[in-house]
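Novice: This is the structure, below, for whatever I ask next.
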Amino acid sequence: MILDLDIGNTLSKWRLKDADSSEIRSRGAVWTREEWKPGSDIPDLDVVEAVRISSVARQAVLEQTVTLLQSRVRSVHVARSVPEALGVMNGYEEPHRLGVDRWMGVLAGYQLAGGCCAVDCGSAITIDFVLPGGRHLGGYILPGLRLMKESLQLGTRNVAIDPDSEAEELLLPGRRTVEAVNHGIYLAAVSAVNRIYAEVCDREGIALPLLLTGGDARVVARGVHSPHAIWPDMVYGGLEACFPLTAAERAGRMSGAPRVPEPAGLEKIRAGLAFSMLL
Ligand SMILES: Nc1ncnc2c1ncn2[C@@H]1O[C@H](COP(=O)(O)OP(=O)(O)O)[C@@H](O)[C@H]1O
Ligand SMILES: CC(C)(COP(=O)(O)O)[C@@H](O)C(=O)NCCC(=O)O
Ligand SMILES: [K+]
């Protein structure tokens with residue numbers, strides 16, 4: 001069994017993948033700031049023969065995790081942001097400073113769709129661009145929905161946006177504090193994604209496929225106008241591409257990869273941008 005780990009600032013997600021059948025056997029998540037204890041929602045390491053890790057948590061968290069895993073599992077692979085991999089050139093001036101979860105998302109997106117825009121809606125919302133040919137342009141980082149809400153300190157943190165809410169409802173003026181905050185941060189997040197996607201496509205003269213991942217991907221996607229795909233396992237896809245262990249992975253197939261819709265035409269994206277500038 002292969003254990004894939006995606007350690008974010010909020011949640012440490014894991015999944016167990018059968019190395020023979022490529023099936024995902026189980027998944028879970030624990031709070032990143034909490035210590036792993038027996039009984040918490042962690043996988044049984046006795047069945048694990050290899051581990052792949054993407055971590056943006058503090059260095060100490062990664063070190064503890066790697067030490068624990070190395071004592072139990074033969075091969076442990078830790079992903080790093082590097083200047084170039086799998087045909088993608090990292091756009092950062094200091095490539096190792098690019099969050100490795102972003103790097104994994106970009107590599108997975110490029111392997112699946114070629115040039116693309118990869119959006120990760122977690123603790124932070126990150127929006128990265130890679131062009132056909134593999135040049136990563138860099139990206140944008142803004143606070144995620146939960147962080148935006150907590151920063152207001154209005155006592156609304158425990159009332160999360162219902163992920164099944166319709167975007168139209170979430171865009172209405174709120175008539176209670178909780179509603180006003182939830183609708184405000186929602187509009188901030190979806191406006192940023194829509195605008196940044198259109199700006200960069202316009203500037204580069206190309207309509208790029210759009211991919212979303214992260215804990216808030218589903219609700220943010222409801223407010224995204226352009227055709228897009230949601231890929232909950234996009235970071236894991238990057239791990240599979242960097243450290244292929246199964247026959248399918250070596251052939252470039254990533255688990256759970258969605259069908260990516262054709263992007264809207266560049267003229268349509270540009271018309272939307274011009275319209276939003278008139279407002
Ligand atoms: N069941 C859930 N538990 C915790 N957070 C959730 C859940 N569903 C959605 N979220 C949202 O997802 C965010 C965490 O997403 P995730 O992509 O795991 O973040 P990170 O990678 O930064 O840890 C939370 O900040 C919250 O807004
Ligand atoms: C931007 C991030 C905090 C996003 O982390 P996440 O929301 O996925 O927990 C992470 O990718 C990170 O720590 N990046 C390093 C800084 C950078 O990418 O420029
Ligand atoms: K993120």
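The count begins at 1 with the first shown residue.
Keep in mind that glycine also has a Cβ here, set from the backbone N, Cα and C atoms.
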Novice: Can you find which of Ser75, Ser81, Ser123 TrEMBL lists as binding ATP at the same site as Asp6, Ile7, Gly8, Asn9, Thr10, Leu11, Ser12, Lys13?
Specialist: Ser123
Novice: Express the distance between the Cα positions of Asp6 (ATP binding site) and Gly99 (substrate binding site) as a whole number of Å.
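Specialist: Roughly 12 Å, rounded to the nearest whole number.
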Novice: Could you state the CA-to-CA distance between Gly8 (ATP binding site) and Thr177 (substrate binding site) to the nearest Å?
Specialist: 29
Novice: Determine the most Cβ-crowded residue among the binding-site residues Thr10, Ser12, Ser123, Thr177, using a 10 Å radius around each Cβ and all protein chains in the structure.
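Specialist: Neighbour-count leader: Ser12.
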Novice: Which of the recorded positions Asp6, Ser12, Gly99, Val100, Asp101 have a Cβ less than 6 Å from any atom of ligand 2?
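Specialist: Once distances to ligand 2 are taken from each Cβ, Gly99, Asp101 fall under 6 Å.
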Novice: Does any of Asp6, Ser12, Val100, Arg102, Asp120 have a Cβ within less than 6 Å of an atom of ligand 3? These are the binding-site residues; tell me which, or none.
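Specialist: Near the molecule: Asp120.
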Novice: Which whole number of Å gives the largest C-alpha distance between any two of Tyr92, Gly99, Val100, Asp101, Arg102, Thr177, the residues noted as binding substrate?
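Specialist: Taking every pair among Tyr92, Gly99, Val100, Asp101, Arg102, Thr177, the longest Cα gap is 40 Å.
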